[in-house]
Amino acid sequence: MKRKLKIPLYVQILLGMVFGVIWGLIAVEYNFIDFTNDWIRPWGTIFIKALKLVAVPLVFLSLIKGITSMSDMAKLSSIGGKTILLYTLTTIVSISLGLFVANAFQPGDTFPQQQRNELLEQYGGNAATLKLQASEVKEQPKLQPLVDLVPDNIFKASMDNKQMLQVIFFAFLFGISMVLVGRKKVKPLKKVIDATDAVIIKIIDIIMLLAPYGTFALLAALIIDFSGDIALFKALGWYVLCVAGSLLALILIFYPTLIMLLKTVDIRQFFRHMLPVQLTAFSTSSSAATLPLTLSQATEKLDIPENVAEFVLPVGVTINMDGTGCYQAIAAVFIAQVMGIDLTLADQIAIVLTALASSIGTPGIPGGSIIMLTVILSSAGIPMEGIALILGVDRLLDMCRTVVNVTGDMTIASILGKFGK
């Protein structure tokens, strides 16, 4: 009997992306745009929504399992402290790399004046909206992020992926309380949590069967969306290359160096099993949506201890934003260069500190990193209207920086899997 050929998941996803790009180009050339928008794009949306559907319960259950698997509070405090420290250090390195690249290659110095005026006019409305949202963030009380961390209704928070920090807070509180109550008393509850987690993992396996088709639809839609922006990409080409090159350096140089120096996992196995995660992150632009696959690859393929992976990775989804920090640093300096503003050392230090703070996330504020970028611009004295210069290519760069974010999460998980026991 012939054995059925099984194509690895990452190959299926990669083929889906390639065929998605090809179909997108065909749709633009032969005017199948309406057909693609009506009959193909929705499948990409369904795929992302399905992944986000399980993101909150997965984070909640994984964190509780990770916390309750710790032998005592001292061990929990130790691995928690190491997690925060390592995530902070890698984010500082990423932001510093972004500043170095932007200052060394100066992508904004050669930007055409006419194109600058056109972009400011074209995206000025969006920039004004973001500026208003940023001003609302700045006007909040100093301890507002701490206030926003505590949910007043956990069921309401669990229905909104933007409130992930609140879900994490409650999961921490719930898990720590289970540890303090004692294993004997919470044993029945622990069985329920383990069983529910197993069901969620099986749901994820079913959803991932859609991954090749979802990525096909997402990439086809992306090509259509950017089909009229060739001139924009030419004008912003040097800026895009600086961001993409920096993100690539983090993936191909910085993280592998950490892994090889510390000998956490075999580097070839790491990238082989990270590829499906990276491709999913690229197509969905969401670390949270990618988390189910990240967790399964960490524990099943890279042999990272389950208690470490289930603690470190959900936390990383919210507070570890290496790719975002690197991008924000380059974007801020680029806008300053286009605007003819010379940034002092103090200005650049302000960028580092503000980008580091923003990487933790701002609960309840829609728009993510692009809104926080306006706050970073303000901290360095750069006109916030300048954000209009980069809005046109932000979606593509968002896909790229999400890949860095999930790779950074897995790198830290592998380090703590070896040294955090």
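Easy rule for this one: first residue shown is 1, then count along the chain.
From the backbone N, Cα and C atoms, a Cβ is placed for every residue, glycine too.
According to TrEMBL, the transmembrane segment annotation covers 7-26, 46-64, 84-105, 164-182, 203-224, 236-262, 329-357, 369-391.
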Contact set of the transmembrane segment (7-26) with the rest of its chain, CB cutoff 8 A exclusive, min separation 6+ beyond the ends, reads 32, 36, 40, 208, 211-224, 227, 272, 275-276, 279-280, 282-283
Contact count check, CB pairs under 8 angstroms to the transmembrane segment (203-224), set 46-64, 84-105, 236-262, 369-391; argmax is 46-64
For the transmembrane segment (236-262), the distant same-chain contacts (Cβ-Cβ under 8 Å, at least six residues beyond its ends) come to 90, 93-94, 97-98, 101-102, 105, 107-108, 110-111, 270-271, 322-323, 326-327, 330-331, 334, 389-390, 392-393, 396-397, 400-401, 403-404, 407-408, 411, 414-415, 418-419
**Prompt:** Taking 3+ C-beta pairs under 8 angstroms (sequence gap of 6 or more) as contact, is the transmembrane segment (46-64) in contact with the transmembrane segment (164-182)?
**Reply:** yes
Long-range Cβ contacts under 8 Å made by the transmembrane segment (164-182), restricted to residues 6 or more beyond its ends, are 55-56, 59-60, 63-64, 66-68, 70, 72-73, 76, 148-151, 154, 157-158, 189-190, 288, 314-315, 317-318, 361, 363
